[in-house]
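Asks: Take this structure first; my questions come after.
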Amino acid sequence: MPRSRDEDDELDGDYEALDLEEEEEEDEEEEEERGRGGGGSRRKRGRSNFIDDYAEEDSQEEDDDDEDYGSSRGGKGAASKRKKPSASIFLDREAHQVDDEDEEEEDEAEDDFIVDNGTDLPDERGDRRYERRFLPRDENDEDVEDLERRIQERFSSRHHEEYDEEATEVEQQALLPSVRDPKLWMVKCAIGREREVAVCLMQKFIDRGADLQIRSVVALDHLKNFIYVEADKEAHVKEAIKGMRNIYANQKILLVPIREMTDVLSVESKAIDLSRDTWVRMKIGTYKGDLAKVVDVDNVRQRVTVKLIPRIDLQALASKLDGREVSKKKAFVPPPRFMNIDEARELHIRVERRRDHMTGDYFENIGGMLFKDGFHYKQVSLKSITVQNVTPTFDELEKFNKPSENGEGDFGGLSTLFANRKKGHFMKGDAVIVIKGDLKNLKGWVEKVDEENVLIRSEVKGLPDPLAVNERELCKYFEPGNHVKVVSGTHEGATGMVVKVDQHVLIILSDTTKEHVRVFADHVVESSEVTTGVTKIGDYELHDLVLLDNLSFGVIIRLENEAFQVLKGVPDRPEVALVKLREIKCKLEKKINVQDRYKNVIAVKDDVRVIEGPSKGKQGPVKHIYKGVLFIYDRHHLEHAGFICAKCTSCIVVGGSRSGANRNGGDSLSRYGNFKAPAPVPSSPGRFQRGRGGGYNNSGGRHGGGRGRGDDSLLGTTVKIRLGPFKGYRGPVVEVKGNSVRVELEMKIVTVDRGAISDNVATTPFRDTSRYSMGSETPMHPSRTPLHPYMTPMRDSGATPIHDGMRTPMRDRAWNPYTPMSPPRDNWEDGNPGSWGTSPQYQPGSPPSRAYEAPTPGSGWASTPGGSYSDAGTPRDHGSAYANAPSPYLPSTPGQPMTPSSASYLPGTPGGQPMTPGTGLDVMSPVIGGDAEAWFMPDILVDIHKAGEDTDVGVIRDVSDGTCKVSLGSSGEGDTIMALPSELEIIPPRKSDRVKIVGGQYRGSTGKLIGIDGSDGIVKIDDNLDVKILDLALLAKFVQP
């Protein structure tokens, strides 16, 4: 700063003694220096005696001043550096002295560049002249103001930023439109064509150039049905839009007022107020539309860290990290799935555990991505997220939800859901509760709603009345019993009664669907309205059975806006899908009948009870049947509109019998094996009727080849199709017409050739009762003469011998009559000397004979020799009813004489023999059937069906004489009971279950069911780890003892 005038006056007083001679001497010295044109160090020092005190700046700050000074001295660079102190004329004396010391140090460093032949002597006059420079002169007093002005001009640029705001405001005011500027006109156009009209006007301007006297066209996305045209006159606008489509030329063109012109293009930007635990949605990238939770905010860098459910394709990631080639095609967006670190390690993906230095939390780092607790922590820009009007659904919140210690879910961050709701949300009289702040959980009623504050009235004493609370700190409050209506969200329009309040979540019993609906308290209002809801969209109504485009099927349980909620036909678990109208293929209206577990017929509207599966114990009428799946309506079931999905074999008809033919167990063994039923007994030997095709047994078909009268033996049997397009399918025979058989498959009824079905048929309950089921009873049947009414003799008297016991061989080796078998042995028990039936009493070794090829004239039934109940003597598979039973308690000798008089196993009189201990079939023998048949063994899971009791599950622990010891419970840890075989049924295993093989070559082996292919199971056997394909009927669920 320049010194004040008072300081100058004091200096003038100190130097009044200086006479005029000194001034003259200085002038003479200057003339001498100019005359020499050279300079030593003394001349350099003298040359700096006089300079313009107000023309130079501080040389230490500005290098340009040094250059100016040096050029004014004839290019003497060294002199300019020696005279740096002369630029500090506006500093105090003390400051000058400090600078002078610094200058001396610089001079010492620059001596190498100065040629100095002389010696500098101290010059007292020079010192006086040096001090004299600071003395102002009267004639230069007026230059102080000029100096101050020049300094301000030079250094004012350093502070120009302080005045930018004021200057900007002025400039903005100057930019506002005035009456001299072009005007803005509103032109009406077709809705949705605003952008198209603007582009057409631009193209028209390009084509016609200056002839189109308009300045600009504006089409705003939020303003429908109008565009803005900037022009000087209305006539110019009319000329521009003349002949254009989508513009209503006959409509009046409106002039926008000048003060409103700026509002057309002004954008109201709201400051984003983000805090932790705020819910946001992603706008771009792989996670577009996904819900995210803010965990950190960096306001300086305008970035946030969010927590997302990962969308990571681990296979593609592993390929990328290994350097393998990745397909460049547009990849599908992976579904959201929590990150499994163990799965990533199995794919040899490198996983590093790192600690965040800011939060101290540990994260798993995979390829630069951070994961914690299965979530993906990602840092994104504020521009890539949406903050306004983010309302998560319950499904999304449950994925982010962490169960508390007591196992109940806590929807954390619910208060942040209400931060972006619309204004006018609360109305006078609404019951509210404070959700955060010092007054949290305070209840009250709304009195008045201001801009951002709500005035509430509370019953708590000592508080202001009314009390002003910020709108973001309030939430609506309801109590159980209130009738409400949903006004926003997924269930908008639904009405119901509040049955439970969980924090700020209401559970409502819907008036239409009678199911529980969860909604936010902020999304409902109290209402007495009861809505019936939409019951039909297009051709589909509520509770219709529909077929979807992916060939799945289900029942419509709810109608939403242009969509349906469909309960799919998956019996294992309830699966609900939201489908569009276009995704439904057709409506299924077929009337199909199926059979329950006990072979009772189930039709629509029949009441059934579920005895197995996740819906066990449910009961109700059948609404739909499709592919063996029942859709049952249970009015006590509050979910899924009351519908339950179950397999028909997991249900029983209410009021139906436990077995179709004989409740006492006459047909109970048909569940365990494919037993053949005996032929009907004729009234007399001559009363047998031949079918029209020459067949026997009152039927045609495979017995005679023609069409018979009466009931066919195939009716009601379960057969397997072995030829044709339906090869491998099984189902019951529902009709026989000549050589065609109608078989009911699970999907439909098909007609196949009679020769295309397998002989391995299973007897169903409504066929004849097996005569081999009673075991050792005395007598087997009540003694009657004859055994059946009006039947004398009981069997065909022309059959000699009457049974196969007089025939050698007794058993079948592919039924080859030329194969001698003495002693007779079963083809699968050749080496078992303990097998029954090897005694001569049963098979007196008669010579081999052609048993089926010598018909006796007049005989209506059997051939001679050796009558048979079975088929003709062609090679075939045959499951004998007399399978070997090597049990120690079955006596083989003595047996019963097989005389032609009667069958030994029937106690009829005359000719009958009592059966004690009996040689009939023991049902609890380890083997009770032919091939592909199932039987009981220890450590297998079974269903227990006792008369008058509900079905229980148990594990067979022991198989003894005629009974089974069963431990209740799926793991066999319950009570132990005794059960008859007719009361037990093997539970079929499912995929991945441990199984036990109960028949065939691998009988008794255990393994794992690794797959199911139709009626076959793929089993990995434990003993040799071989994989075998076995019939599911041979597999039982194994329970480890």
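Quick reminder: no glycine exception, Cβ is built from N, Cα and C everywhere.
Fair warning: this is a prediction, and the values are worked out from it, not measured in the lab.
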Asks: For the feature phosphoserine in Swiss-Prot, which residue out of SER59, SER859, SER904 does the record point to?
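Replies: Per Swiss-Prot, phosphoserine applies to SER59.
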Asks: What residues elsewhere in the chain lie close to the domain 'KOW 6' (988-1015), defined as a C-beta under 8 angstroms and at least 6 residues from its ends?
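Replies: Beyond its ends, the domain 'KOW 6' (988-1015) has Cβ neighbours at 720, 728-730, 929, 931-937, 939-940, 1021-1023, 1027-1040.
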Asks: Counting by DSSP secondary structure, give me helix, strand and coil numbers for the domain 'KOW 4' (601-628).
Replies: 0 helix, 14 strand, 14 coil
Asks: Grab the same-chain neighbours of the domain 'KOW 3' (477-504) for me: Cβ-Cβ under 8 Å, and only residues 6 or more beyond its ends, written as numbers and ranges.
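Replies: Those are 391, 393, 410-411, 414, 431-433, 435, 443, 510-512, 516-517, 519-531, 533, 560, in sequence order.
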